[in-house]
Amino acid sequence: MITRNQIIHYTSDELIRVSIALTTGIVEKARQRHNLSPVASAALGRTMTGAALLAGDYKNHEGVSLKVAGDGLLGAVHADCFDTNKLRGYVDNPQVDLPLKVNGKLDVAAGVGQHGQLTVTRFTPEKTTYTSQADLVSGEIAEDIAYYLFTSEQVPSTISLGVLVSQDYTIAAAGGFLVQALPGAKDEDLARVEANITQVGALTTYLQDHPNGEGLIDIILSGMHFKELYRQNLYWRCTCSRQRFENALLSLRQEDKEALLKDPQVEMTCQYCGAKYVLSHDELAALYEAAAQRHKQN
Ligand SMILES: [Zn+2]
């Protein structure tokens, strides 16, 4: 079965909005690019999935950055979602490995740490940014995001995030959902949704059995009238490029340029996506020569 990376938005007559994100392929890409340990895969996968859900929750925002900075061994977990559907992210210490919890699950809370802050930055199409912060409540990320949404944005939300890592460290399933009450939603309807959600069981198990989230919305909004608003494919993408790498090399001081020309090659790895850019000595010399020629002509 082909698993899709996508986000689907629904709304119900009872004024409840639900977004479901399926991110198995994207989390697997992140794992490969950053050589993530299982607990790092889980922490970054949950954070990136959370970023996709947050980016889509206001139509007038086009991007969001999450930084989960706890006191655990993983260091900070960074995830960006831009254009509402392009994801990237990294973990400060991607190879940290930790013992499983007694229930056999990955100990994300121990890796992230239970003390620290979740920082959320939202970007609007006008390039205005809004940053706000909330304390971490558990280090499990979903609860931390829900607490942030309630305290900083005054939106009561339920969020569930899950990443299942296989024995061979590949990602077996990843995804999540966000449920938000629109103004005017009734308490009894919210209580019904809360009860419905318990029927989903463990999200990772559900996604393993239903890789494209089949039937998930029917459980979450069981007994309600709802419709799909829209769906979008999600992508693992970064804003880095060879051109940006070259521009960075061109902006160096003269003595730094000369120092680089003593090396057989110069390389840079993008911290966000793990892409590696390499210029040989000759290519670097040609780059600087071309810039010097342009400078003379001006
Ligand atoms: Zn990059």
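Every residue, even glycine, has its Cβ placed from backbone N, Cα and C.
Taken from TrEMBL as is:
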- CYS238-CYS240: disulfide bond (DISULFID)
- CYS270-CYS273: disulfide bond (DISULFID)
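There are 18 other Cβ atoms within 10 Å of the Cβ belonging to CYS240 (disulfide bond). CYS270 (disulfide bond) and CYS240 (disulfide bond) have their C-alpha atoms 7 Å apart, to the nearest angstrom. When the alpha carbons of CYS238 (disulfide bond) and CYS273 (disulfide bond) are compared, the span between them is 6 angstrom. Every protein chain shown contributes to the tally, and the Cβ of CYS238 (disulfide bond) ends up with 19 other Cβ atoms within 10 Å. A distance of 8 Å separates the Cα atom of CYS240 (disulfide bond) from that of CYS273 (disulfide bond). For the disulfide-bonded residues CYS270, CYS273, the greatest number of Cβ atoms within 10 Å around a candidate Cβ is found at CYS273.
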